[in-house]
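Here is the structure we will look at, set down as structure tokens.
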């Protein structure tokens, strides 16, 4: 029979609409300003900490909507941001460095909805407010470090093969020049280097020298590796800040964008994300005298660094290990001297290296070198800020026994410095130093204004479209308008379910555009029905031919739009991608509501009936 859906298809439409309504409902309830308290150094918040937090809030007359202890962390909800900010400061002051106190926005979704995993969709920076950092990776520092590591490896490899050389020094474009003591060994040296370092370009400027340069492939590989590893570390640092729904992505060849929606403590975020500090552990060269240091008569494998009092310390250039082997750290006080210290835990490889080193250099001094990159106020020819490397010996201790993965570092100035250093080491040392080249803060009030304007635009667009459809298509306009509302509900529900989908102002523009495109499909169908009626077909045949005949045109038009959205997503960033996501999802949903959804309603109202007139 014409214009009748089988039962399974009607049930499918009802099920999809019901699921869409269910997962879009959390967006009605919004979010509460909240303070989240979680433990550091492997600790978890417990009932004792909960009692302290409740006492702080009661003492300062700060009312809460709720306060719960769950999964080792405490979440306190407030009615306004003023109470939230004051509570955060008071709680942090009471609990100290043993716990992380972070500002957050907690969904106010009822428990019965949370049982289904329903949560509100994520809002972008322009809607929620927050901070956006554009960070640039200093590739020069990365390539200099790679150059130093290469030269250190070459010295060991040439000595192992008994190839004598007089000098290994830097050349332009991060190259290395090896001057051989014996010209007859050049062929052997080149063969060894090609075997061990196949990505290097080898040239022969003179009979007794070999010039090594980084190939284009090696440069690109170094750049990509530095960016990807920095992205991983920055994600860990954002986790330390306790920020949910952060956006961290690469932009271009050497830049990283970080968006922290809802973050109000921007100074702390900037301090943690932009910090470049790390540690190196080096053996002190006791054979270098003070006189040799003053005359700069140092062995090729050693260099001088200074402690905080300005005293020189001769260190071997080769680090025992660096911050990349540190998997955990915590700050505290030394039990004997009550001075600040940082406890460090190494990975298995780092633990083995440290164990062998402390065995080899038993009763000899080892230094802890603090390394940080700072803005020196100058810019290069491309206008980029020049970062200057600052190194400082913060501790020299005699190795008193063999140890491995766990040890303590002293020599830091204060508890605060120890805590910051611990946080950075725990999240990982940046492979390449970075600098914040742009910082943009959007206040909650501006975000709220954007939300209001976006909602108003969507509502006015919806009202205008519905008014036109009701006026022009009568009862079929009612059906199309109902499908239009369901379209928005399904889109909101899908955006709430999809991980990584974030609603922004361009996304709202995509929704408004989707409204028009959804109605456009119905206009094609309805006009085709009217045309079939004018051609003398019965009403049931006209409805059937109207939907079947218009399908190809609707599918082709929407397919090209989806392909365009995919291209926008692939080549665009941030706002452009947000627009592309909502547009592509909206178009796909509009095909369902405009074709299958309205057909189900039309079939229910008119299917199988003898009709003499159709209100269209």
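The backbone N, Cα and C atoms fix where each Cβ goes, glycine too.
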Matching range for Swiss-Prot feature annotation, transmembrane segment, among 11-31, 32-52: 11-31
Residue numbers, six or more beyond the limits of the transmembrane segment (11-31), whose CB comes under 8 Å of its CB atoms: 5, 105-110, 113, 116, 118-121, 486, 489-490, 492-494, 496-497, 592, 596-597, 600
Same-chain residues at least 6 beyond the ends of the transmembrane segment (475-495) whose Cβ lies under 8 Å from its Cβ atoms: 16-17, 19-24, 27, 121, 458, 462, 465-466, 468-469, 501, 503, 511, 514-515, 518-519, 522, 526, 529, 582, 585-586, 589-590, 592-594, 597-598, 601-602, 605, 614-616
Long-range environment of the transmembrane segment (497-517) - Cβ separation under 8 angstroms, sequence gap at least 6: 23, 121-127, 245, 247, 450, 454-455, 457-458, 461-462, 465, 484, 487-488, 491, 558, 561, 574-576, 578-583, 585-587, 589-590
Cβ-Cβ under 8 Å with the transmembrane segment (547-569): same-chain residues at least 6 beyond its ends: 517, 520-521, 524-525, 528-529, 532, 576-577, 579-581, 583-584, 587-588, 590-591, 594-595, 599
